[in-house]
Every structure is written in structure tokens, then in C-alpha cells.
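Inspection log for the structure reproduced underneath, given as C-alpha cells.
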């Protein structure tokens, strides 16, 4: 019998109160006795820390600690240690008698968190003579020692031979070693296992029924059915793997779609850019050639325009020079014509003004006479009126006042005064001796003098009148002379006028002849100018024709030019029609090319599809009929492959069924036999012979024959009753009576033959059976057959997969052919449009060259035609003047006539000044008058007038004196005043007469004054008009003299000359303007050509540079394309017909899709981002290659046999479809039935209930106080029991859960549990978690601890219903049961030669009475368990070992004094060694 391992000792180093203390542990009970604070709990804490060095679990608290939680910062360990290195070490002797030292090194960590550092270690192979304290301390002297560090301990142990020291970095490794060496009862793999172990020790330490232990009894007592669970897990794992594989297939299908999308978009992205660059390269080359062609053409055009410009510039310069001369001549002719016209107008004005002046002079003379007469009468009227006024005044003065009128004296006094006033004549007449008496004499003298002055004045006035008329005629004659020959001196006018009149008579005859001469000269000059114009035109014509022609050849040339015009006109007309025909043909070619270019992409797509079909089928098709015939062959091939595939599938399913049948446990081919065997209490015959060898299998198979599937029962009579009404069984059911444990084949009489047996069933019934070729009797035979079937199934599966692949491939090929026929068959076998396009392009090039040549010829013909027309036009102007051109004497005749005209030129003024001479002739004699004599006469006349006025005044003054001579005698009348009434009356009458006379005189004077004013106004007006016209006439004479021409008949000639010059100037200007416009147009054309040439040169250089630059990149692109073999994918000819914008749009759209497609692939994303550089097209090829490489790396070479991703995608679709079908079938086979699950769980529950009953038998004798017995009740929960019933009998009602592909079996089980128990709240747990719990049988069970207490009978063990001692005893019993259960569960994991240590704790054992303690001792002895009890000093057990602990303080140094004693019933009680204090 294997001995159980025991804990030998516990060593504490540097704990609080213990410096180096070793407690030897008793084989049963070790008691720690001492008062409060003696160190009992510290010792137990050191033991527990060495067992479970997990700081997350350790929490040492007092039993009286209130409110303690696991979250407290101080777990109680820090305060039990001292500063420095501390140790807690267990010395163990296991079942193999191996000494194992396990423990932990502890050290306080500085800080307010009160943490402790723990390092577990183990020592193996340590000699028994070496105590743990010798290893952990170093003696310095007799009174001092020190604790060694862990490294020093390691070094010390490594120095010992055969000793192994191991330090652990994890608690799991530490516990794994302790489990393997038998120190702990269970392998503590996880924190959960350690927690269970710690809670168990904690429950034993503090005693009582722990609620934690009670709630977790299932976890402690019921072992995990790992086999069943693993079977479920394997099934679910297989299903999960199968479904994951299916999901992976779906993902792969989505990846396939992604791959297709990726390769499609990548192809679009790169191919569009590739073809765009190819198109652009071709376009750039064409443009470069076109630019070069245009460059050469422009250069030739520029040279031609430059030559043309030079010619036109030279001609324009000639015309400019001629225009200057013509403008000068024209301006001179215009000026001369203007002068002639001005002179004529002036002459007409002069004649008109002279007529007006003559008329005005006559009227003025008449008006002067009228005014003179009117003045005389006015003077007479004034004198008369004045005399009347004087008389009236005198009478009024006399009659003003009657007193005054009567006072004559006063009047005389007044007269006297007036007479005195008249005495002023004395001074006026220069007569100082004048007296009133001598006044008469002097009056006569002065009147005679007045008469003489008046006569002299009248004589001078008459002379003055004659002199005025003569002077006027002189002025008129002088003006005419000045008008004819400019101003002269007045004294020379007579001689000049007489010469003019005499010469005018002589030259008038010559002037009459000059008109005819001048007309003849004008005619000849006109003909001369026409001749000169004709010569100029002929010179221009010859210059334009580039050849000198004689006058005689012009008519012939005219006929030749007309003939040439006719022929060229026909040629131009025909050329127009021919050009239209060529243009129309060119448009037809372009239209045909456009149609073919639109059809080409469709044809290319059809060809690509046809090529793919040819590659897939390996055939070549030349017509649509061949395609349809091959499609019919595909249909036949598909039908044959489907038939063969279905046959292989049927055989495969048959083999699967046979394998399933042979795989039944016990060799039962019918599952009903197992149920019947269980029902009858028998065993299948195949189970009895399950171990038969492969060689004996044919014999026993033939021996039993049809009864090889019989049921062996102990007693047939007991079965007979159950056979009545039996329906659920095979058609033939064989029952054999016998003992299944000692069954043999002696029930038959058998004769063995060669490969056969004869079985004598009865005397009248024999059975002959040959050995089967494939024996199935016995496990070996079945396994052999299963292996054979598996091999055959593998070959059939491979063949089925191949056929399925071929069928799907054929179906896809059929679909491809169907799509091809539907979409492309109509255009596939038509002629190649690209070839026809190339031919049309060649034809179009030739046609364009023809059109260009025709345009050039037509342009030359047009130029010749225009030149001929211009020549004919010029000849049409020249031919009518051939006579003039031939007349060589014209210039001589003009000179001759010019000489004759010069002779008559002197008489030209007769025509110009004929009127002046006609007027001058009658009055030229007036020119004799001397203007200076007229001025002297005017002065004499003025002097005579002044003398006559002075004489008149003197005579008048003397007359006044003579008249008032009587008044001088009234000197004394002032004093004499008297009146006379008669005289007053007379005076009044005279006054009335005088007033009337005065009125008549006044009226006459006023009327005559008004008339005189009118006469004066008329006279002033006439004088003003006369003076104005005289001044104008003088101005006109002066202007005419300034003009310096004579208005004669040359006006017509001047106008004709000016008109001729104007026509020449206009023609010259018109030609010059034409040349200037042509020159400007030529310069503009040259500028345009120059700019165009520069632009063409720049564009050509840029394009050539671009072509050369792009060539390197394109070569790199082509090298990449050819090296990687992707040209077939990228060179999509149908894209060549799309524009650059369409290709760029296509590439951009594909780029957007690719960004989304490669968003999760960093490599492709980076390559794609790099490839977006438009200047580096090769990077797009690199991206395409990277995509291909990426897809190649993801091709399953074991499934897909190609390197081309496109072909791989096609094969992938076929293979994935086949795998999906196979995995779906496999999932249906893997799925376990719900009834099987219920049966497995029920059997497991029954087994565990039986085991718990066996454990209860060991607790029946346990008693504590009133507790007589302890037991465990195991019951199935009602909700779970209902679930099992439904799974076994009503599962078909819930097949919607178990047949769902979306749910695993665990999830379906959880859904069913929720459906059956809707009132239970599942919380946040997932269906998978709930299902996994429902697959664990432990969750179906409820466990309760019951005690048989006194008269109450069996009660549920609760701390409230038990005393403290009863609770502690009951709990300890349950814990012992748990430990034993753990050992039983772990026995298969640990070596069979090891029995683990058993040790529990009990603190504060004073709560138990002596009987209870004795019961614990008996329990420990019976179960071979060690127990450590902490008790106060009043407990002294009779058995085991007791340590008395006393804490003392010496010299401020605290230590625990320990004394150990054996039990009282020991034969020789003695103190245990090592009890001395080592503090």
C-alpha cells in the first residue's frame, strides 16, 4: 500500500517574534497553544503563505475583525514580517520518500501601500541531516546570526552535490511542481483553482459552514467531465471549423469577388492609363510629324511671301514717287483752276459793283442838289420864323402887362439896351470909328463885299461841281488802269490809260485768234497725255508680264491671252468639280472610318471573348456554326459528367453509410440492438467477440452466421415476457442464453472445413457457411474494413471532386458560350475592322495628297487665270490707244502750237480785262485831270465859303446897327413911362397877326425840316452805300491784282487738265492702296507665318522633346510589361478608340474603387498611392504587377493549379462551389442529436450521484455534539430536468433551433432553455456561454449539506441552526470530503505511486469541546490527514504534538518562546528537539 506524503516541518525566518523557528509537524494533529498575541495565527499565516504565495488571495484577518473586505490595502501579511529578508519554508516527505523543501522568500516593500515581495522556490535532494534553518541563516558567533539572501541560498545549494534549487517566476509553475511531487492534492492551473484551494483552507482555518464552500460544492466535489465535454467541444469545434470553413469559403467567395473587383478595377485603372499613354504617344508622334510637315510648308510659304513682299514694296515705292509728282501737278492745276475761277468771280463782282457805283453816283448827285435846295429853303423858313418869333415876342413883351405896354419909355429903354448890344458889330467889322450915323455907309460897303464874296463862292462852287465829276471819272479810270496793270502814280495815269486804249484796239484782233490756237493746243496736249498714259500702261503691262512687247504684237498677244483665259476658265471650272468630287470621296472615307472605329471596340470585345473561349476549350472556331456545334458537344459532355458524378456520389454515400454502420460501438450494425440489449439486460454477441483477431474473424463470422448480431442474455425465460408486443426490432432477432463474462462457442456442434464450417444446429438442421472474403466480426476486422473503405472513399472523394470540378467547369464554359452567342456571335466572324481602317487610312492619305496636289495645281491655274485677266484688261485699255502710241510727231506739233500760243499770249488780257478796257475807253481822257489841282480847288472853295460867311455876318451886324440906329436916341426913355390905350389895342391886333404868322412859319419850318431830314438821311444812306461799295470795289481790284491771273477762256482747259490729273492721281492712289493693302496683308501674312513658324518650331521642339522624353518612360513601361507578361492584359485594343478624357475618367473611376478595395492592405495601398504620379506611368505597371503578385500569393496551389490570377479566380469559383457542397454534407453528419446529448448528461449525472453516495458512507459515523451524522444531497434541478426530457422525447418540436446553420449546438441548447424557462433572467450572458454551461452536467445538479441533529432528524446544515462547534465539525467533515474528491479526480493526472499530503487548519479551536476535538482526531487518523489547531492554553489534547507559545519582550526586543510537547497518551512524553528559542 502506498504511504501518504506528510508535511514534516514548518520553518519561519525573520517573522514578527520568530527569527529562525522550525515547527516539526505531527503526522496527525499539531496544536499551537498560547495566549492572545502569542503568534499562533502568524505561524498558520506563514504555512498558508508557503502553500499559496498569491498576494491577490492572501488576507489574514482576525475572526473578530469587523467590516474587513478584500479591498483593504493591508492584507495582514506586511505586519507579520520584520524588516529584511524573510522566509516561510515547508519540509515535506512524499509517498516516494523524497524530501522536498518548498517555500517563499518575503520582503517588505517600502511605501505607504504596505506591499510585500514574494519569491517562491523549491529544493530537491537535500539530505535529511541538514535543517532548513542551517540553510536560511548564517551563524556569525555564539550569540549572532544573519538571514541569507535568496541568491546566497542559491549559491550555497549549488555548491552541494545532488541538491537542486529552483526559483519560480509564476505561481502556476510552483504549484505544478508541488502537485507532481504530491505536496498538494490538485493541480492548480489557474487563478480560479488557486482561489478554490485558498477558500477551502480559509474555511478550515476559521471553521464553520462557509457560504462560499456551500455555494461552490459542485465545483469542489463534482469533477469536470472533460471527456464528455471534450466530445461536445470537439463536435462543436468540428462544426465550428466546418462552419468557419464555410464562412471562410463565403469570405473567399467575397474575396473572389474582391479579387475579381480588384483585378477588374486594376486592369481598368492601369490599362486605361497604359492605352492612354500609347494613344498619346501615337498622337504625339503624329503631331510631331505634322508639325514638321507644317514647319517645312510654312518656311516655303514664308519665302514666297517674302519674295512677293519685295516685289510689291518696289512697285509701291515707284507708285509713291509717281504719286508725289501727280499730287504736285494736280495741286498746281487745282490752284490754277481756283485762281481762274476766283478771278472770274472777282471780275463779275467788280462789274456788278461798278454798275452799282455809277447808279449810286447819279442818285447821289441828284440827292445833293435836292438837299442844297432844301437847305436854302430851310434857312429862309428859319429866318422868317425867327423874325415872326421876334415880332411876337416883342408884342408880347409890350402887352405882357398893361402897365408895361403903356410904358413906352420902358420899351424904348429896352430897345436902347438892345441897340447897345448890337454895337458889337464895331468889333466884328474891325471898325473902331464906327458910329450910328456912319453905319449906313459901312453897311453898303460890307454888303458889296458880301456880294462879291458870294459871287466868288458860287463860281468856285460851280467849278467844284465840275471838278467833282471829273475827279470821280478820274478815280474810275484810275481804278480800271490799276485793275488792268496794277497801281500807278496819279500823274502817270493819263499816259498809261491812253497806251492801254491804243494797244487794246490792236490786240483785240489777236485775242480773237488766240482762242482757236488754245483749243488746238488743248486738244494736242490731251492727246499727248493720253499717249503718255498709254505708254505708262504699256510699261506696267510689260513689267507685269515680265517681257517687252512691241506695239504690233499687242493684238496677237490679246488674242492669245483670251484663248488662255478660256482654257484656264474651263480648267478652273473642272478643277472645282474635281475638288468637290475628291472632297466628297474623302468625306465618304472619313464616314466609313468613323463607322468602323465605332464598330471596332465591339469587334475587339467579341474577339477577346472568342479568344478566351478558345483558351478555355482548346479549340479554334472559324464560324458561328462551329461555335453552336461545340456548344451542343458541351451539353453532351456535361450530361455525361453529371451522370458519372452522381454515380460516384452514390457509391461514396454508400461507403459512408457502411463506415457509419461499422463504427457503431460493440459492432452493432443496428442501433436498435443496443437498446434491446439494455432492455433485456444482455450483451451483444459482437461485444463479446469484439477482441477477436483479424485471422480468427472469418471463422467466427462463418460460425455464427446470421446470428452474429445476437444478444447474449443470462436467462431466456426472463426475456420471453418482454418479447410479447415487441415491434421496434430487426426482422430476425437472435437471443442466446449464456454468461457474458464466461461465454464460449461450445453451444454449437461445428465441423471445420477448408475455408468453411458446417454448423449442426440440430439433428435435422445443418448450416454450411463459407469464410467471408471481408469478415466484419470483431473490432479488428471492422477496423480493417473501415480502413479499406476510407481508402476507397478518399479515391471516390477525389474522383467526385474532380468530376464536380469538371461539371462546374463545363457548366461555366457552357454559360460562357451561351453569353458569347447571345452578345458577340453576330459580329465575331466579320472582317477585321482595324485592317480595313488601316487600308482606309492609307487610301485617305493618298487621297489627301491628291487633293493637296490638285489644290496646288488649281492655285497655279488661278494665278495664271488672274494674270491673264489682268493682262487682257490692261490690253483692253491699251489697244484703243495704239494710234497714239504710234504717233511720233505729236510732241513736235504740241511744241509748234505752243509757240503760236506764246505769240498771242500778250493779248490775253483782252479776254481777261475786256470789260475794264471797254469802260476805260470813253473816260480815259479824264485822266488828264490833276488830282492835286482838285485838292487846291477844294481848299479855295472852302476859303471862299468862309470869307462869304464872315462878310455875311459883318453885313448882318451892320444891318442890325442901322436898323437900331433910332434906338440909340432912347437913352432917356428909361425915365419916361407913359401909356396909350389906343396903342395897346393896336399892339394886341398886331400881336394876334404876329402869332398867326409865327405859327404858319413854324409849321412850314417843321415840315421842311422833316423833309430836309429825310433828304439828309437818303443822302447819308447813299453816301454810305457809295463809300462801302467803293471800298469793296477797291478791295476787289486789289484782290484781282493780287491773284495775278486773267479770267479768260482758260477755265475749261484748266478744269480738263485738273480732271485728267485727278484721274491719274486716283488711279495711282487706287493702285497704291491696293499695293499697300496687299503689302499689309502680305506683312500680316508674313507675321502670321513668322509667328506660326516660331510656334511650330517651339511646338515641334517641345513635341519632339516630349516624344524623346516619353520614349524612355515608355521603354521602361514596355520592359516592365514584357518582363512580367502582362501585355495581354493591358494592351486592350478596344480602348484605343476612346478619347483621352474618357480613358482618364475610366482610370479615375477605377482609382476611386481601388482606394476602397485596398484600404486594408498597407502594401497595395502604398503602391497605389505611389502609382498616382502621372509623370511616372511605369509605377502603375508596378502596381498592376503588385496586384498580380498579391493575388498569386493567395492562390491555393493545392487546389488551384495555375499562376494566372484571372484563371485562378475562375477555378476558385468552381472549387469553392464544390467545397461548399461537401462541407454542407459534412456538417449534417457532424451534428449530434439532442437525444444523445440528453442520454450522455443523464448517465453522467447518475454516475456522479453514485459517487457522492459512496462519499456519504464515510461521513455517516461523524458526530459533533448533537450532530449524529453528516451527508450530501445531490438533486437535479427542475428546470434542467425539464430540458433533458424535452431533449430526449420532444426534440422534434424544436428542430428549428438544432437544424439552423446560424446557431451552434450550444447556442441552440441555450435558446431552447430560454424558450422553456422564459421567467428566468439570463442577464448579459451570451447564448454560447449559457449553452456551454448547459453542456456541463454539474450545472444540472443542486447540492446541499444535511446533518442528523438530535430529535430534529435530517436538517439542512446552516450556521444559524448549529452551534459553533457543530458548525466547525460539519464544515471540517465536508472539507475532508472535498479533499478526498480532489484526490480521486486528480489520480489519473498524477503518478500512481504518489498519494498527496492532506492537511487542514483550525484556528480558535477553543470553540470545540473535548468530544468534538476527539472526533476530529479520529477523522484525521481514519483519513490519514494532518491537522494544525490553534487553541488557547486551556486545551491540551491527549494526542499529537502541542507547542506552547509565549511572546516575551527582552531588552526592547520581542520574541516568541516555544515549547513543544508530545501527546499525553504517548508512552514516553518528552520535549521535542529544537524547542529552544533561537531568537
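The backbone N, Cα and C atoms fix where each Cβ goes, glycine too.
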Of the residue ranges 1206-1257, 1258-1309, 1310-1361, 1362-1413, the one that Swiss-Prot records as coiled coil: 1206-1257
Where Swiss-Prot places coiled coil among the ranges 112-137, 138-163, 164-189, 190-215: 138-163
Contact set, same chain, for the coiled coil (138-163): CB under 8 Å, 6 or more residues outside the stretch: 13-14, 19-20, 84-87, 105, 119, 121, 123-126
Residues flanking the ATP site, with Cβ no more than 8 Å from the Cβ centroid of 34, 35, 36, 37, 38, 39, 40, 41 and excluding those residues themselves: 1430, 1445, 1447
Counts by DSSP class (helix H/G/I, strand E/B, coil) across the region 'Flexible hinge' (665-782): 45 helix, 26 strand, 47 coil
Intrachain C-beta neighbours of residue 37 (ATP binding site), sequence separation six or more, cut-off 8 angstroms: 1447
Most Cβ neighbours inside 10 Å, all chains, among the binding-site residues 34, 35: 34
Least buried by Cβ count (within 10 Å) of the binding-site residues 36, 41: 36
Neighbour tally for residue 40 (ATP binding site), based on other Cβ positions within 10 Å of its Cβ: 25
Neighbour-count leader, CB within 10 A, binding-site residues: 38, 39: 39
